Amino acid sequence: MSNIVIVGAQWGDEGKGKIADTLAEKADLVVRYQGGNNAGHTLVVNGKKTFLHLIPSGVLHQHTKCVIGHGVVLDPVALDEEITRLQATGIAISAENLFVSESCTIITSYHKLLDAVRESNTSEKIGTTGKGIGPAYEDKVSRKGIKFKHLFDKDVLRSRLAISLAEKETLFRDLYKVEYPTLEQEFDKLFALGQKLKQYAADTFSIIDQAIAAGKNVVYEGAQGVLLDVDYGTYPFVTSSNTSVAGVYSGATTAGHGLDHVIGITKAYTTRVGEGPFPTELFDDVGKFIQHKGGEIGVTTGRIRRCGWLDLPLLKYSAKCSNLTSIALTKVDVLSDMDTLKVCIGYKYEGREIYCAYPGIDLYKVEPILVEMEPFSINETVTKDNIPAALKTYLKTIENHVGIPISSLAYGPSREQILFFEDYFKKG
């Protein structure tokens with residue numbers, strides 16, 4: 001058995017879904033442990049794309065059970081729509097393979113409206129997806145949240161809605177002056193959705209615990225990336241949950257269960273959606289080339305992703321924050337056949353050179369130390385025996401600076417275009 005965590009090691013959009021989908025072939029459970037439908041995973045199988053936002057990437061494997069842990073904030077409208085959309089394409093989803101924690105905090109219409117009006121009424125944009133993620137986590141922490149199980153009980157749901165709406169009603173009416181659903185309108189919608197989705201409600205804590213005790217393979221699938229972690233990330237330009245490995249313990253299982261592998265999913269370059277510092281960002285034709293070739297458009301937001309060279313000081317920081325055991329490098333093919341190829345190995349900052357970022361650093365004030373790398377070309381299926389020499393040098397540069405090995409290499413969009421240097425699953 002193996003307990004494997006997939007963590008985004010950058011600002012999200014690293015290709016976690018692709019790696020999770022590939023590992024799910026040998027997994028018994030694939031578990032989402034934080035975030036919400038602000039995540040967007042793209043899977044490509046036989047040339048066909050599947051887009052996921054809430055449901056774990058194991059859904060394409062019939063034997064794999066998918067779990068949404070209690071650390072996820074759940075939009076029941078989005079979950080219902082995603083299930084319906086996937087079922088329409090022939091993907092089997094039922095109470096036999098999808099288990100949603102009864103303790104997930106629910107995202108309501110009020111959370112989404114509050115998210116939108118806040119972003120539109122501030123001069124300092126965060127770049128929120130507008131999905132209501134932050135306000136839902138606020139209610140969770142302030143003990144005003146609505147849990148998934150509350151949707152099934154009329155009296156409890158109405159009571160929890162009244163608590164949640166009380167403060168927001170004043171904001172909507174007096175501060176933002178926007179229309180909002182009445183309590184009864186929201187109640188009717190949520191209760192109806194609760195009846196429809198109740199079949200998926202489960203004690204996921206025990207499901208995961210029992211699977212581990214039975215020696216099953218469990219893959220924990222993170223959303224976003226370490227650099228968006230509410231504690232470790234580039235605050236305030238972060239998400240509202242713990243996207244690092246810490247989120248596994250707070251959002252799915254207990255610290256009593258050890259983790260065999262913590263894989264940091266990393267693009268061969270760097271991207272970011274929304275606002276915030278980005279030391280290696282490219283504003284020239286090279287950046288536009290990477291953007292176009294890499295198809296760098298957000299699955300959830302439809303926004304163009306900012307692109308830049310691979311940032312090793314930030315990657316090393318992510319590795320430390322999540323105790324990464326290895327790196328899964330993705331989108332290597334995007335850098336193939338480039339005229340110019342660079343990587344950031346350090347920063348000049350406040351009169352000194354540093355080679356690993358840290359929480360208090362002001363990334364707006366760093367000057368990246370860029371080194372020129374020899375361009376490489378990928379024109380065929382990549383095996384351990386035919387990796388181009390220049391690519392080997394690129395990989396070794398990453399390993400030497402970050403201090404952990406690269407355990408897999410993705411060089412195309414399909415699940416077949418991954419070269420594994422390590423078997424994550426224990427034998428026997």
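Numbers run from 1 along the shown chain.
Backbone N, Cα and C atoms are what each Cβ position is placed from, and that goes for glycine too.
Sequence annotations record features per position, and here Swiss-Prot assigns active site, proton acceptor to Asp13 based on sequence analysis.
His41 (active site, proton donor) carries a strand DSSP state (E or B). Among the features that Swiss-Prot reports, active site, proton donor is placed at His41.
Taken from Swiss-Prot, the feature GTP binding site applies to 12-18, 40-42, Arg305, 331-333, 410-412, supported by sequence analysis. Taking a C-beta cut-off of under 8 angstroms and a sequence separation of 6 or more, Gly12 (GTP binding site) has the following same-chain neighbours: Ala39, Ala223, Gln224, Gly225, Leu228, Thr243, Val273. Mapped onto three states, the DSSP output places Gly12 (GTP binding site) in coil.
A simple way to gauge crowding: the CB of Thr129 (IMP binding site) has 23 other CB atoms within 10 angstroms, across all the protein chains here. For Asp13, Glu14, Gly15, Lys16, Asn38, Ala39, Gly40, His41, Thr129, Arg143, Gln224, Thr239, Arg303, the entry in Swiss-Prot reads IMP binding site.
Summarising the annotation, Swiss-Prot assigns substrate binding site to Val299, Thr300, Thr301, Gly302, Arg303, Ile304, Arg305 and lists sequence analysis as the type of evidence. Sequence-distant contacts (6 or more apart, same chain, Cβ under 8 Å) of Arg303 (IMP binding site) comprise Val273, Gly274, Ile297.
Proximity of Arg305 (substrate binding site) to non-local residues of its own chain (separation of 6 or more, Cβ distance below 8 Å) is seen for Asp13, Thr271, Arg272, Val273, Gln291, Glu296, Ile297, Gly298, given in sequence order. Neighbours of Gly40 (IMP binding site), defined as other CB atoms within 10 A of its CB across all chains, total 20. Arg305 (substrate binding site) carries neither a helix nor a strand DSSP state and counts as coil. Here the Cβ of Asn38 (IMP binding site) has 29 other Cβ atoms within 10 Å, regardless of which shown protein chain they belong to. Mapped onto three states, the DSSP output places Thr129 (IMP binding site) in coil. Around Asp13 (active site, proton acceptor), a 10 Å sphere centred on its CB holds 28 further CB atoms from the protein chains shown.
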